[in-house]
Each structure stands twice: as C-alpha cells, then as structure tokens.
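Asks: Pulled from Swiss-Prot, these are the listed features:
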COMPBIAS  393-414  compositional bias 'Basic and acidic residues'
COMPBIAS  442-464  compositional bias 'Basic and acidic residues'
COMPBIAS  483-493  compositional bias 'Basic and acidic residues'
COMPBIAS  606-617  compositional bias 'Basic and acidic residues'
DISULFID  42-145  disulfide bond
MOD_RES   473  phosphoserine
MOD_RES   544  omega-N-methylarginine
MOD_RES   579  phosphoserine
REGION    273-295  region 'Disordered'
REGION    374-415  region 'Disordered'
REGION    437-639  region 'Disordered'
SIGNAL    1-20  signal peptide
TOPO_DOM  21-186  topological domain 'Lumenal'
TOPO_DOM  208-639  topological domain 'Cytoplasmic'
TRANSMEM  187-207  transmembrane segment
C-alpha cells in the first residue's frame, strides 16, 4: 500500500515539472562594438494557452568595470569573491545600489519603450528577443528577460545576460566619416585643402595691394592685373640707375611742353612746380646744342655723404606732390608783363613822367660783357671763387642758359606790326608833352595870350563835357556805355588833344593833326579851314575879338566819335584871363591815362562814322556861326 502511494506522488511531481514555465538565455555574456547593432536572445516555454507578456529590464553594474580594467578594484570585493565563488561583486547587489530601468515590453504585437529609451532604434522581435540599433557607452550592464503568464505561475520566469560595449582601439579616428577618398589618405586630402585655402588668400592679398591705392609690397607682379600696379615702376628704375651711376633710359615719354594750342616757352621755375625750395642733386647732361637740339635726361649725382635710398625717397616724395594742373596755372598766372610791372612798387598811377623816366632799365649790352653777372647766374650761389671764370662761358652756354630760364607772357606773344608812317607815341614824346602841358613858356606877345586863352577855352570845354555827365543820371550814361561794345574814345574820356611838338614860329597858326588810327594817313579838319575863311571875310576888329566858336567846340558838336577821330589842338583865338588863373588851371590839370589800347584800335569801327561826319560838315557850312557863350570880348572891355 505504501509503495503505491509513493509512486503516485512521484508521478504527480514529474507532471508538474513538465507543465510549468521555463525561461532560458543562450548567451550569458555578450560583447558588442560601439555604434553597432546587436540582438539579445531569450527563449521561454509554458503550458498556458494565453499570450505571455515579455519585458526587458536594464540593471547597471554594482561597480564600475573601468576600475577593474585599470586594476583599481577594492580589497573588500576581492575577499568576498574568494569566500563565495558564486558571488560576483559587479552583478550581485541590491537594486537600491544601482540603476534599474525598463527597456521595452511586448504584449501581443504591441511594443512599448521605456521613458529613457524613447527615440532610439529598440524593439522586441520574434518571441522575446531584444534588438538594439546603435549601442551607446551607457548601454553596458545586465539585461533581464522576464516572462509573465496569467495561468502558469510555476517555474522559472526570468533570466539575465551581461552586455559589454567596447570601442575601437589602436586605429586613427575617421576625419571624414561621411566622405571616402579612395586615391589618397584622408589626412593628405585635408592638408591639401587647407594649403589651397591659404594660397588663395595670399593671392587675393597681393592683388588687393598692387591694384588699389594703399601701402603695399612693391615690385611684386600681380597676375590678375599686371598693368595696373600702383608701385612706381619708373621710380624703381631711376633708383636702380642712381645706384649704378648711369642715366636711366626712358623711351616713349613726350615732352612736358608739347601741348597743342599753347605757346611754347621755357621750363617753369622749380618753385612753381614743387613747394620744396631745395631741388634734388641733379646735374644737366653734356648736351652742346642750340635751342633746337634735343636734350638728354638728367642724371642723379652720386654723393658719398648721402645714402642712395635717401635720394630715391626724396624723388618719390616730390612726385607724390606733383600737380600738372597746378603747373599750367602757375605758368600763365604768375607771369608779370612789362607794362604791369611799371606800377609794381608804387600804387599811384598818376605820377609824372619824370619819375617814371628816372627808373633806369637794365641794358642787355652791358650784361653781355659783365663777367660778374654771368659768373653769378651760371655759377650758382657758390660764388665766383669756386665756380669757373666768366671767360669759360662761351656764347653757346649763354644762349642755352637764356632758353632754360622762364619768360614772361608778353615775351611769348607775337608782336604787332604797325603801319609805316604812323607817328608812335614814345616815352620821349610823352615827356615832351608833359613839359608843354604843365609848364608852358610865357611870352609877352599876343600869341602867348591867345595860346593861353585857347588852352583855357579847351579846358572849360572839357569841363562842360564832364558837367554833362554829372548833370544827367549815372544810370543813363552807363546804360549807353553798356549797350555799346566798342571801347571808349578820346571824347568819351573828356580830352581831345595831341602831344605838342616843337615847330617853327611861322607854322604856329596851322593846326596840329594827329591820327590815332594805325595804318591811316593824317587828315585835316575841314571845320578849321571853314573857320579860317570866315575870319578872312570878317573885319579886322571882329577877327581880333575872336570868334567864340572854336574848332574844339565844333569838334565837340560833330559828336564824340568824330572828335576822337580828328583829335587836334589848334592855336587859341581868344584872349582872356590872367596869369594867376592860368597857373591855377595848369596846376589843376592831370595827366591823361595811357594804355596800349589807343594804338591797337583798328579803323574798322571808326570808319563807320565818316558818313555822319560828312553830313555834319554840310550842315555846318550851310548854317551861319552863332555865339554859344557869354564870355566878354576884348573890344567890349574898351571904354
């Protein structure tokens, strides 16, 4: 009986073991590489017909594996492992001392990831296998596979596997992970790229310096713009020539004064071109030729006391300050003509001709034979003692020196040719006119009184002309002048006379005729001829009393333009006044203005008044002479 009972108990136990839950993991420890995929396998068996719930948990190491690899494990852990051979100090510890996380869980076909592993390539495949896409450094640890069934509670429902994540050692890191170079190593390719970028920036810097007006490293030819270098190539060649000691050969450069429509002249002074008063040490080349000979360039004298680079820097500084427009302005604006230089020292233009004659002009003939003059101007400031003597300067050297000196504008202009036979007003004639105008000799006969009376009458007539402009409005007078483009005539200025000349006494009664138009012969005034005929027809007393209508007045009646064309001063026919009045009038008279415009006026605009003059002559001959003033005559004063 007892034997039968024992057999049934053993059979029941065997049946329970076969029908219970069993979970197994084929690999207890697995090693995987970093950033590589891996699969942790898990198998289970159950007698339940309902779907099981699969869950994977992660438990970190109890101790860091890094200390074990470096030999830094504690002595206590080693002693415990020796006592219990089945106990592992890295895996066997309480869950409170390490990190525990749910990796993933599967129920049916639904997979749910834990909070820490969301977003990663992790899933449960097959029945209970855990698949990880890319391993990370924190994935090393202990993974547990847990199977849960609702109607099978007996058996072993979990098992664990150790995962160790390792990295590659002994290999260089990948410089270009997503780019593969097959023809060369990656480090060679990266080095070539960096070198090319550096050379590109160097080329851009050279082109920027050479092609733009900045401080640059000169004499480096830029390949992108070789013709636009900012460095002075000519100055560089001049510096090399200065060091070598021979003149540089510069071809293709035109002359500095070969400008069309501009009169040729000498070279401007050094002060006109540059502000610096000290010129560089230049010496003229050996060129012995006339004014038409071609001169060579200048060569820089070698000086042992000065460094050659100082000369180069000086020339570069002077070229930087050079202004061609300033040179042209100074060439025409700084020249002073001979006529304007007469009044350079004294601003009073109404000075007498004796003071102007007192200034002696230099004579060119005296300078030709003056050795001190040529030794001073051609020898420089060093003096005649150090320079060559005056006899060494021949005629060709003097002519070359004259052509090299700057000339005034009036010397460069062409001279005007006056017609032959026209009396020119020279300084001697002006001086004689000043003597006769201001200081007339007094004679006791009647002719002197008549002359004084005539001159007084002309002055009163000129005052009457000036009074005409004073009585009328200035706007009307200047309006008439502004509408006329012709220059002022002698009558407009208020004076009509000619320089007095010494003539015989028998020709004193004849009129003095002056033609102020170049190129025309002197012409007689027909009004004076008519007045002479009238005096012959009148009785003697009337002729002695004198006609109050003088030729000067008739010339004023003819118009200002006709009076200026036939400008003359006849002998006076009226005796009045005293010596005191004559002295006062002579002292009040001022010299007329003088200009070159009187001689340069052509007969073109004066010839247009000739028909008007002829018509006025006909009217004057038809009308009888009338008294135009109330001056008392000599006969009316006789009691």
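From the backbone N, Cα and C atoms, a Cβ is placed for every residue, glycine too.
Please go over these features one by one and say how buried each is and what sits next to it.
Replies: According to its DSSP assignment, residue 145 (disulfide bond) is in a strand. With a 10 A radius on its CB, residue 145 (disulfide bond) counts 25 other CB atoms from all the protein chains.
Per-residue confidence over the topological domain 'Lumenal' (21-186) averages 83 (mean pLDDT, predicted model).
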Asks: Which chain-mates of residue 42 (disulfide bond) that are at least 6 residues away have a CB under 8 A from its CB, listed by sequence?
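Replies: Long-range Cβ contacts: 23, 24, 25, 54, 56, 127, 128, 129, 130, 145, 159, 161.
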